[in-house]
Amino acid sequence: EEQKRLLENRPDQPQNPKVLRVAIIGAPNAGKSTLSNQLLGRKVFPVSKKVHTTRCKAQGVITHEDTQLIILDTPGLTNPLKAKRHKLDEAMLTDPWDSVKHADLVLVLVDVSDHWTRNSLSKEVLRCLSQFPHIPSVLVLNKVDLLKKKFLLLDIVADLTEGIVNGKKLEVKSAFKQDSSSSAKSPLQITQASPSKSKVPGSPCGQEKNQAQEGSGLDRSSDVGGAGTGEAREPKPCGPEDLKDMNGWPHFQEIFMLAARCGEEVDTLKRYLLMQAKPGPWEFHSDVLTNQSPQEICNNIIREKVLEYLPLEVPYGVTQVTEIWEEGECGELLIVQSLLVPRESHMRMLIGRGGKVISRIAQEAGQDLMNAFLCDVRLKLKVDVKG
């Protein structure tokens with residue numbers, strides 16, 4: 001009831017409000033929800049190693065002083081064939097596009113630990129960017145802590161940006177020893193937390209110290225298509241033929257490198273986003289953390305655990321039905337949910353030998369719900385075959 005009241009009430013506007021709507025897009029399992037949770041400081045979006053954990057666009061709200069960031073956590077960009085395989089709603093195909101259309105800034109997240117996909121943006125991501133070229137975009141390389149050979153980041157950046165960042169050509173110079181004992185910090189680490197006008201001229205990807213130039217191996221030396229002003233020209237929409245030969249996007253304004261899971265460098269990105277906010281009215285009350293209802297958060301967290309503990313495609317066929325949602329006398333929350341599966345064999349898998357699997361799911365989900373709702377939660381899960 002409190003969440004409903006906060007969402008329905010008019011926001012408590014400060015004197016000079018600023019706002020920024022940020023869409024986070026990328027391939028499935030790139031870490032979009034993990035990054036969203038870290039930016040928010042609380043777990044409100046489901047996270048799993050399996051693809052398509054996020055099933056719909058959801059909004060997170062960060063309010064800091066006079067600035068409000070609205071984080072649009074979107075399903076991974078996928079194609080109709082894969083959507084059919086994972087029994088995904090049509091919304092899974094349209095929601096990311098819809099979020100980008102209403103965004104002020106797009107974060108493109110890439111998992112650098114996946115050597116199969118890290119050197120090129122997926123065609124779905126490129127298509128999405130090319131449809132809305134007027135919306136500023138930023139490249140975020142995630143899971144850099146899992147990359148042993150840090151010097152590979154130079155090649156990854158060159159490939160994903162087509163060698164151009166913020167209208168300037170990157171010159172790749174090997175400034176690193178090619179060994180796995182390189183610093184855990186990324187060679188292009190963005191330490192800037194100041195407006196773009198205070199950047200050091202020619203500094204790589206927005207770093208603000210001269211020493212950053214020495215270590216990055218990237219030199220944004222020449223303007224592309226500009227008149228020596230350093231300002232990037234507005235990119236033109238690309239057609240299917242233009243995208244055919246593209247592996248990266250040459251219109252990113254900045255590059256960030258971080259490890260969302262452990263929170264490394266997330267604050268740097270957060271400061272950058274706060275500085276990009278423009279004058280405008282807040283959309284939410286300052287006490288709102290997400291536009292999701294408590295029931296939606298509960299369903300997402302339970303589904304996350306089901307995805308984690310069931311093999312292959314099995315968890316995608318589970319239907320959740322909440323039977324009891326009650327608040328106790330001492331403020332504790334009692335939740336009873338039925339998990340309906342299509343087959344007896346799936347039911348046996350979900351229950352596990354001696355009920356171990358379903359007990360573990362209930363225990364872990366209950367703990368996450370307590371952290372999300374900041375109250376005691378008693379969660380009971382039942383398993384049945386769909387009638």
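Using N, Cα and C of the backbone, Cβ positions are placed for all residues, glycine too.
Note that TrEMBL annotation is computational and uncurated.
Sequence annotations record features per position, and here TrEMBL assigns domain 'Era-type G' to 18-280. Taken from TrEMBL, the feature region 'G1' applies to 26-33. The region 'G4' annotation in TrEMBL covers 142-145. As annotated by TrEMBL, compositional bias 'Polar residues' applies to 181-197. Annotation comment: TrEMBL describes 231-244 as compositional bias 'Basic and acidic residues'.
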Can you tell me how the residues of the region 'G4' (142-145) break down into helix, strand and coil by DSSP?
2 helix, 1 strand, 1 coil
Counting by DSSP, what is the helix, strand and coil composition of the region 'G1' (26-33)?
2 helix, 1 strand, 5 coil
Overall pLDDT of the region 'G4' (142-145), taken as the mean:
94
